[in-house]
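What Swiss-Prot records for this protein:
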{"type": "ACT_SITE", "residues": "201", "note": "active site, proton donor"}
{"type": "BINDING", "residues": "14, 16, 198, 276", "note": "Zn(2+) binding site"}
{"type": "BINDING", "residues": "16, 18, 66, 98, 99, 100, 101, 171, 201, 276, 277", "note": "N(6)-methyl-AMP binding site"}
{"type": "SITE", "residues": "221", "note": "site 'Important for catalytic activity'"}
């Protein structure tokens, strides 16, 4: 099964840039920035690979990667390395999310432009993978920062219409209020951007109700969705982005066997398997499919169907979706023969 899943041309719809650098890529990035003998960097790498079942500890790990990407060179190289990691896992399409940041080395506009340029450069090196960009709103940051992010996303989407396709709302779910960001998200939607919203990542029924009423293009995590919530999403054909390893390692799900993917499959609601932060959680999309297959008894045919479901729920153009589905279909045909 693992070899089959490795060869499957997969589709990744929930991947955060700064969390998607594997240990090898982190070491490559650290070597590029600091050389091979930096003891502080090696110590940080060792800490990064340890894990506690605690969501706050997960978010603390991002501070390490943010430091590595705090320069133009670091950000550019990190973007290319993340794409390399997905390409090596035979991911044919990825929608990468990242929160624009500002420091003494770049503005938020610069940040997005650096990432855009890196994506375009990587397309020459890794032509087999298509990369799209979803600028992220961090709900832990002030509303005016979110306003700037959406403004930049709308502007840059005009310049790069086939690259920036939507907006992501993410960040520590225990911080900020959705109601503060809803008007900004509505503006993005009115300008033609899709909305990928982290929803029900922690238990907060009133916020979930508010989010479902507001609407979204895809639902991130959906850990604490009720059967009624899942039914609403099914009725609206809104896919739930399921990140198994992430949810277990961050402590929001007790075990793989208790993961809500099972309930979603039983309800026959739209769902996609994703990594979330493949570097932080030491996983790959191949591993996530394998975990789902071993935990819930998925067949090869079901894994192919899940991949086609991801194609359908991607923000890609109709022509791109047809091309992706053809690659999956051709792979399935080869196996049958």
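Using the three backbone atoms N, Cα and C, a Cβ is placed for every residue, glycine included.
A quick note: this is a predicted structure, and the numbers were derived from the prediction, not measured.
Taking the features listed in Swiss-Prot, we show where each one sits on the structure.
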residue: 14; record: Zn(2+) binding site; DSSP class: strand
residue: 66; record: N(6)-methyl-AMP binding site; DSSP class: helix
residue: 99; record: N(6)-methyl-AMP binding site; DSSP class: coil
residue: 198; record: Zn(2+) binding site; DSSP class: strand
residue: 221; record: site 'Important for catalytic activity'; DSSP class: strand
residue: 276; record: Zn(2+) binding site; DSSP class: strand
Practice task
Would you mind checking how many other C-beta atoms are within 10 angstroms of the C-beta on residue 221 (site 'Important for catalytic activity')?
Solution key: 27
Exercise for the section: Among the binding-site residues 16, 66, 198, point out the residue whose Cβ has the most other Cβ atoms within 10 Å, with all shown protein chains included in the count. Expected result: 198
Fill in the blank from the handout: If you measure between the CA atoms of residue 277 (N(6)-methyl-AMP binding site) and residue 16 (Zn(2+) binding site) and round to the nearest Å, you get 6
Completion exercise
Neighbouring CB atoms within 10 angstroms of the CB of residue 277 (N(6)-methyl-AMP binding site), all protein chains considered, total 26
Completion exercise
Note: among binding-site residues 14, 101, least Cβ-dense neighbourhood at 10 Å is 101
Practice task
Output, ordered by sequence, the same-chain residues six or more apart from residue 99 (N(6)-methyl-AMP binding site) with a CB under 8 Å from its CB, or 'none'.
Solution key: 135, 136, 137, 138, 141, 149, 170, 171
Practice task
Can you figure out which of 14, 66, 101, 201 (the recorded positions) comes closest in space to residue 221 (site 'Important for catalytic activity'), comparing Cα atoms?
Solution key: 201
Practice task
Check the Cα-Cα distances from residue 276 (Zn(2+) binding site) to the recorded positions 66, 101, 201 and tell me which is shortest.
Solution key: 201
Handout entry: Other residues, Cβ within 8 Å of 14, 16, 198, 276 Cβ centroid (Zn(2+) site)
Key = 15, 19, 97, 168, 170, 220, 221, 241, 243, 246, 274, 277
Handout entry: Candidate with the highest Cβ count within 10 Å, taken from the recorded positions 201, 276
Key = 276
Problem - Whole-number Å value for how far residue 201 (active site, proton donor) lies from residue 14 (Zn(2+) binding site) (Cα to Cα) - result: 14
Completion exercise
Nearest to residue 101 (N(6)-methyl-AMP binding site) by C-alpha distance, among the recorded positions 16, 198, 201, is 16
Problem - Rounded inter-Cα distance in Å - residue 16 (Zn(2+) binding site), residue 66 (N(6)-methyl-AMP binding site) - result: 12
